[in-house]
């Protein structure tokens with residue numbers, strides 16, 4: 001850019017303007033600490049619990065005897081009760097921002113039942129849904145919603161469009177609620193990431209634009225004489241900043257989720273895990289288009305922190321001061337004895353089912369590298385899918401998106417728990433017939449960055465993909481070679497015929513065109529198979545031991561090297 005000051009200034013202007021709305025904040029209290037003439041509202045909040053019912057280690061994985069155990073639902077419950085009591089005089093309410101489903105064997109085996117048991121014990125003032133609440137379709141969500149309703153817990157998603165979904169037609173999801181605390185009426189609006197229907201198994205359900213929905217619902221609440229409006233969002237830190245900027249004329253604060261963002265102000269000098277990356281201050285203050293200051297909070301994930309923010313409002317309903325921080329749920333936090341007792345029967349079920357041996361492996365089945373390149377877990381999983389449909393005269397390819405995987409499998413015995421936790425989303429192992437040109441488009445899309453700046457590298461069986469990441473978007477797939485679907489005895493590879501049709505085994509999630517894999521919708525035929533975990537389990541039982549895998553199925557060319 002040397003010699004082009006005009007361009008430099010323009011780029012600097014763009015950078016500054018993109019951050020101008022965000023104020024990096026810490027506690028904002030008057031020097032004399034006198035807030036006696038202001039109305040206090042305290043928000044106690046958690047998000048993205050992801051089935052961490054049992055205590056965890058510092059990395060939010062299962063805690064072992066060697067670890068320092070933290071978090072867990074018994075500690076979270078105790079901390080919430082303590083905060084509700086401590087801040088009762090400051091009008092405390094407790095909010096849950098969604099994604100309580102998915103993430104451990106507890107959910108994989110016990111689904112909505114165990115989740116409902118503990119969420120109803122915590123009993124938030126209100127909660128919204130996360131995208132993972134749809135992991136087992138609306139049918140898997142409906143009984144959970146019914147239990148929340150029985151417990152008197154309102155579920156709020158203002159931008160949820162039912163589209164006559166048969167499983168949710170009797171659910172009592174609301175756009176917003178009004179609660180009265182300290183003589184003031186508080187409106188709470190729930191909102192879910194508006195592309196959830198593209199990344200989750202939502203059935204007929206879709207999501208409307210989050211910003212426009214919040215604007216509309218907030219205006220209606222203001223017209224109804226609500227004093228303060230809280231947005232309970234499962235949209236991500238970045239999306240929440242957008243909501244604050246563009247819909248900030250009527251809302252007062254956003255309690256967020258989805259991005260697992262750790263917001264913290266070091267000036268608070270409060271304890272935290274110093275290995276947790278700080279993404280912004282707690283609270284983050286965004287200036288709206290009409291110059292109002294909108295605080296945003298989020299409490300990372302996995303029950304590792306419980307957020308507590310106290311806001312002070314003037315008579316005009318404007319936030320004048322605030323203070324608070326995420327409370328670290330370390331091992332100094334006591335565990336509630338009643339919750340500990342309630343965990344015992346559930347834990348017994350998890351241990352009994354999860355510890356059964358299925359097979360063994362002499363190599364680590366890696367998950368961490370799956371997003372960027374071929375990984376051993378992905379290769380084994382793809383082989384299992386292909387094997388399920390293979391017979392003496394037929395063998396399909398198999399492709400699995402990297403986002404399908406959640407946990408690696410370590411060297412040693414492979415258990416039921418390992419099988420389920422490796423890919424816990426409950427997809428079916430389907431078979432489709434797809435044109436070669438569409439398969440090429442799918443391979444190209446796997447290299448595109450998602451909203452978290454990640455690729456979704458395909459894990460494959462029966463084909464070989466060569467990728468040149470130095471090329472432009474849309475031209476990164478150099479070649480695809482494939483085996484013959486009709487000759488399972490031959491492992492010879494031939495160039496993909498982009499006009500021919502091929503048979504491909506894949507997860508139903510991918511076959512549905514989720515995660516932007518829209519070319520999958522061009523399939524000319526589709527057959528629904530059994531649960532993916534059952535297919536994976538059967539394959540591991542069949543081969544008994546994983547001791548070697550044929551790799552180099554996805555070749556990522558290195559800079560300066562031939563790409564063939």
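Cβ from N, Cα, C; glycine included.
Feature list (source: Swiss-Prot):
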| type | residues | note |
| --- | --- | --- |
| BINDING | 48, 50, 99 | divalent metal cation 1 binding site |
| BINDING | 99, 131, 234, 258 | divalent metal cation 2 binding site |
| BINDING | 371, 406, 425, 515 | AMP binding site |
| CARBOHYD | 391 | N-linked glycosylation site |
| SIGNAL | 1-25 | signal peptide |
| SITE | 132 | site 'Transition state stabilizer' |
| SITE | 135 | site 'Transition state stabilizer' |
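Shown in sequence order, 47, 97, 98, 99, 128, 129, 130, 131, 191, 192, 193, 256, 257, 258 are the residues of the chain, 6+ apart in sequence, with a C-beta less than 8 angstroms from the C-beta of residue 234 (divalent metal cation 2 binding site). When the recorded positions 50, 371, 391, 425, 515 are ranked by how far their Cα is from the Cα of residue 135 (site 'Transition state stabilizer'), 425 comes first. By the criterion of other Cβ atoms within 10 Å of the residue's own Cβ, the least surrounded of the binding-site residues 258, 371 is 371. Candidate recorded positions: 50, 132, 406. Fewest other C-beta atoms within 10 angstroms, 406. Taken residue by residue with DSSP, residue 406 (AMP binding site) is part of neither helix nor strand, so it is coil. The AMP site is set by 371, 406, 425, 515; from the centre of their CB atoms, other residues of the chain with a CB within 8 Å are 401, 402, 403, 404, 405, 423, 456.
Only 132, from the recorded positions 48, 50, 132, 391, place their Cα within 10 Å of the Cα belonging to residue 425 (AMP binding site). Residue 515 (AMP binding site) falls within a helical segment according to DSSP. Just so you know, the Cβ of residue 131 (divalent metal cation 2 binding site) picks up 25 other Cβ atoms within 10 Å once every protein chain is counted.
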